[in-house]
Amino acid sequence: MYRSHTCGELRAEHIGQEVLLAGWVHRRRDHGPLIFIDLRDRYGITQIVFDSADSPVAHAVASDARVEYVLQVRGRVVQRPEEAYNPDIATGMIEVHATEATVLNPAKTPPLYINKEGGEEETLRLKYRYLDLRRERMQRNIMLRHRIVKFIRDFLDREGFVEIETPILIKSTPEGARDYLVPSRLHPGKFYALPQSPQQLKQLLMVAGFDRYFQIARCFRDEDQRADRQPEFTQLDMEMSFVDQGDVLDIIERLFTALCREIVPHKRLVTPFPRLTYAEAMERFGSDKPDLRYGLELVDVSDVVAASSFGVFRAALDTGGQVKGLRIPGAGSYSRKQIDEVVELAKQAGARGLLWAVVPGEGGEVRSSFGRQVSPDEMAAIIRRMEGAPGDLLLIVADPPKIVAQTLDRLRREFGARLNLADPNVLAWAWVIDFPLVEWNEEEQRWDAVHHPFTAPKDEDLHLMDTDPGRVRAKAYDLILNGYEAGGGSIRIHRRDVQQRLFDLLGIDRETAMRQFGHMLEAFEYGAPPHGGIAPGIDRICMILADEVTIREVMAFPKTQQAVDLMTNAPSPVDERQLRELHIALRLD
């Protein structure tokens, strides 16, 4: 036996007992005849006292030990002197006086600090991830993730869901991002794909009669990486039969309300979760995933300046654009240099420029970038519409609607952060519903599915599919949390004729549809029930609940933003023999 107790287990009731502990040297303090070692495992820390008078052999072991050595210690639990109590650790009332000690494994000096945050480059942390994971913060994050996943499993089991594993090697079908392809040795020239999601498989499980399915699913997407994306990620994959949109939203709301109250009880959340239509979210916030912990809503002044002769307004409005603004409370004290930095931020977001005005106090003059181009009445009308108060900074964008939305969304997030408007102890869950079914791809001159090609159109919009596809709304919904998309789902198409109509709209000809999705089309002819589902992202939700800023901090072994595993050096070249067995020749053009 290596240990009788963990390093976080001993309390006052253990005083007088002989115990056997094993763990890592967290800290070591040498006072000559007395050496103090904080012994650590994932459960906590216990202070070990090595006294040369009581046990010279154990003292000699402690004398040679260094940080991160793996030690086994036998000793007696003793109450600490009252002045030596440590309220910061659970074992702070006791210490163990060592009688025996064994070095189970020495350790080189670690390239990063384990017993404190060292501020190292992330590349170093990822290269030595097995050391980084020893840190208290990382152990806390991984344990939080475990508790979240366990809670989800237990909750869904009580709700009658069945956990079913779906294949990792599947057929390659277009789902938006690039597939990771796996060559088949047994079938030369053919490939499997790693699943971007179990979407088609879970729908087929509904056809099979498993009316409540879930899976903690590993998913893979070969896409350009962003701060909150990984090439492989984990989602809670769910599907239900004989449900409508309200049924899906209800169970997810109950799940995450209960989860947050259990796992992060110190955080506040509003229930029921607010519901915004896609059109409303874009109109009010310029985003389909707004952070609802603060206001800063967009204000449309297009009608206010409709008769203006100002060229910037005219150029936008005469070509179907918008003039919208954002009121930043108290930011009128910004210097010209600071305002110029905000203007540059708007340009980086895609805007041609950014108009600004500072609301004056009573009797004062408006300081602005466009005061000479508009009349005093027009300026006053803009300030009234935007509810400007003295000292406010008004920011205005005049551009096509898409540019206006993405620019003001970027500025809204920027000032939300600058003004500390987002309370970290608030969880602003919400739903965004009624997404468009399709969007026009200008570059390829065709319609693309906004979510995926199995999303059902709203019944009342079916008649528009042939005449005005851009106005067709989908039975789709996104779960958002603190400005992130936490999950997406929809009611699915379950009839072959409707599925074929959508394929036709997306420009997928009948032959291609049968080749890529024939298994789905055929299954729909064997009594497919109405069904729908959702796939919340485990990594993203864990990140937010852990108060981290990237999902890499809640994943045990993440990759870099360039999709590289610095610890194992993956991806890596393979032997020529392996390539020959797979009938593959490389052409590195």
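Note that the numbers count up from 1, one per residue, in the order the chain is shown.
The backbone N, Cα and C atoms fix where each Cβ goes, and this holds for glycine too.
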**OP:** Select from 199-202, 271-274, 327-330, 459-462 the stretch of residues annotated by Swiss-Prot as region 'Aspartate'.
**Re:** 199-202
Subject >> Per Swiss-Prot, member of Q230, Q499 binding ATP alongside R221, D222, E223, E485, G537, I538, D539, R540 >> reply: Q230
Original post:
Within the region 'Aspartate' (199-202), how many residues are helix, strand or coil going by DSSP?
Top reply: 4 helix, 0 strand, 0 coil
**OP:** Please give the sequence-distant neighbours of the region 'Aspartate' (199-202): residues at least 6 beyond its ends with Cβ less than 8 Å from one of its Cβ atoms.
**Re:** 166-167, 170, 173, 175, 213, 215, 237-239, 452, 454, 517, 519-520, 533
Original post:
Over the region 'Aspartate' (199-202), what is the model's mean pLDDT?
Top reply: 97
**OP:** In whole Å, note down how far the CA of E485 (ATP binding site) lies from the CA of R492 (L-aspartate binding site).
**Re:** 20
**OP:** Find the one among the recorded positions H31, E223, E485, I538 whose C-alpha lies closest to that of H451 (L-aspartate binding site).
**Re:** E485
Original post:
In the structure shown, which of the recorded positions H31, H451, R540 has the fewest other Cβ atoms within 10 Å?
Top reply: H31
Subject >> Rounded inter-Cα distance in Å - E485 (ATP binding site), H31 (site 'Important for tRNA non-discrimination') >> reply: 54
Original post:
At the level of the C-alpha atoms, what whole-angstrom distance separates R540 (ATP binding site) and H31 (site 'Important for tRNA non-discrimination')?
Top reply: 47
